[in-house]
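What Swiss-Prot records for this protein:
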TRANSMEM  33-56  transmembrane segment
TRANSMEM  85-113  transmembrane segment
TRANSMEM  116-141  transmembrane segment
BINDING   154, 174  (7R,8Z)-bacteriochlorophyll b binding site
TRANSMEM  171-200  transmembrane segment
BINDING   191, 231  Fe cation binding site
BINDING   217  ubiquinone binding site
TRANSMEM  226-252  transmembrane segment
């Protein structure tokens, strides 16, 4: 891919966290860096192990391939390779690849003199994953509480965990996470739609300005958060969705073992209406 006219002046030495100038180069438009190498290493190794694990299983059906975590009897120990050890190694590779990618983003930000909003945002996605496969299993005392790597098996795991706590959607943190996910979708789709509508006027008319965009939302909902504000809001909504997703699963089991509908007993016992019988 050809280098864009303005890119050359930004391709300067320095800003690396590890490795100095050893990996401080580009391949086409992609910056490599030490953490680019480690990202590639962990990604290739993890993918190869998944393929090898699938070859040892009963099927090549993409929907049914599954790399399962260790049995609960192994606790937090190292399991035999074909009894969950493979899952443990793949998990290490996944975390290594994700963290390496985030650190590579940090190096790119340092080179460009930018702040670290992008790697910080990506770290919230890493947090959600690590919560599922490391933090919650450790708090519950066994790697077997992690989710399997497979399409149908992962969906089964989600369903089973939900039924363990009766109605999982009564989990207050889950409610917040879903609310933030849907609100992120709404806010970003409205923002994208607004930009495209302003940038694509009728033939022969000039492209509209930020004043048109602000006025649209003032006319529509009475307030415009502004061009910079919508990006701040979008970042906040997206990070909140990832954060509360991590919270909703980590409190289920380690800190709350009963059905989630029971958690709402405090609401029914409020003195405002607890004096009246429910029936």
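For all residues, glycine too, the Cβ spot is worked out from N, Cα and C.
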> Roughly how many Å separate the Cα of residue 174 ((7R,8Z)-bacteriochlorophyll b binding site) from that of residue 231 (Fe cation binding site), to the nearest whole number?
Replying inline: 24
>> Taking every protein chain in this structure into account, which of the binding-site residues 174, 191 has the most other Cβ atoms within 10 Å of its Cβ?
In response: 174
> Do you know offhand how many angstrom separate residue 191 (Fe cation binding site) and residue 217 (ubiquinone binding site) by C-alpha?
Replying inline: 10
> When you check the transmembrane segment (171-200) against the transmembrane segment (226-252), do you get at least 3 Cβ pairs under 8 Å, counting only pairs 6 or more apart in sequence?
Replying inline: yes
> Excluding the flanking five residues on each side, which residues at least 6 beyond the ends of the transmembrane segment (85-113) place their CB within less than 8 Å of a CB in that stretch?
Replying inline: 10, 12, 14-17, 31, 33, 35-36, 38-39, 41-43, 45-46, 49-50, 52-53, 67-70, 78-79, 119, 122-123, 125-126, 129-130, 133-134, 143, 146, 148-149
> How big is the gap, in Å, between the Cα of residue 154 ((7R,8Z)-bacteriochlorophyll b binding site) and that of residue 231 (Fe cation binding site), rounded to a whole number?
Replying inline: 33
>> For the transmembrane segment (116-141), give me same-chain residues lying six or more residues beyond its boundaries with a C-beta closer than 8 angstroms to one of its C-beta atoms, as numbers and ranges.
In response: 69, 75-76, 91, 94-95, 98-99, 101-103, 105-106, 109, 147, 235, 238-239, 242-243, 245-246, 249-250, 253-254
> So among the binding-site residues 154, 217, 231, who's got the most Cβ atoms within 10 Å?
Replying inline: 217
> What Cα-Cα separation, expressed in whole Å, is found between residue 231 (Fe cation binding site) and the residue listed as 'ubiquinone binding site'?
Replying inline: 15
